[in-house]
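Features of the protein shown, as given by Swiss-Prot:
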TRANSIT   1-55  transit peptide
DOMAIN    59-134  domain 'Carrier'
MOD_RES   S94  O-(pantetheine 4'-phosphoryl)serine
Amino acid sequence: MASAAAGASICIKSASCSPLAPGRISSLRSVSLPVSRKSFPSLRSSKGSFARVSCQAKPETVAKVCRIVKKQLALPDDSEVNGLSKFSALGADSLDTVEIVMGLEEEFGISVEEESAQSIQTVQDAADLIEKLMEKKGH
C-alpha cells in the first residue's frame, strides 16, 4: 500500500498513445498530482466516468483499422475516423460490424473469436485486440 506525506506529489508517466479525437491530449509524457494525507487525487472526467487510457496498439495499427473501417462502411476519404470512433456512431449496424471484423481478420491474418468480436465498439478496441492476437500468434 502506498502512502504519501503532506505536500507530496504523484507522477504518472506514459508513452505516446494512439491518435485521439481532436481536443484530446495525446503524447502525454507525465502528470503530477498533489497529494495530501486525507485525500488522494481522482482521475475522473467532468462527466463522472473514469478516464480510459489505452496505449496497447501501435499508431500504424490504429491507422490501418481506420482505413479498413472507412472502406467497409463506404465512408468518404475525408471522414474523420480515429481511435475513439465508435462503429455505431459511424453508422455501422451489427452486420457491418461483422464485416469489419472479417476485413480485419483478412488484413491482419488473425482469427477473432465471436465473444471478442462482440466486445469491439471502437476503432481503438479493434486495434488493441489485433495487437493482442498478433502478439499471441508470434508476429
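Placed from the backbone N, Cα and C atoms, the Cβ positions cover glycine too.
Here the domain 'Carrier' (59-134) has a mean pLDDT of 96 out of 100.
Within 10 Å of the Cβ of S94 (O-(pantetheine 4'-phosphoryl)serine) there are 10 other Cβ atoms, across all protein chains. Taken residue by residue with DSSP, S94 (O-(pantetheine 4'-phosphoryl)serine) is part of a helix.
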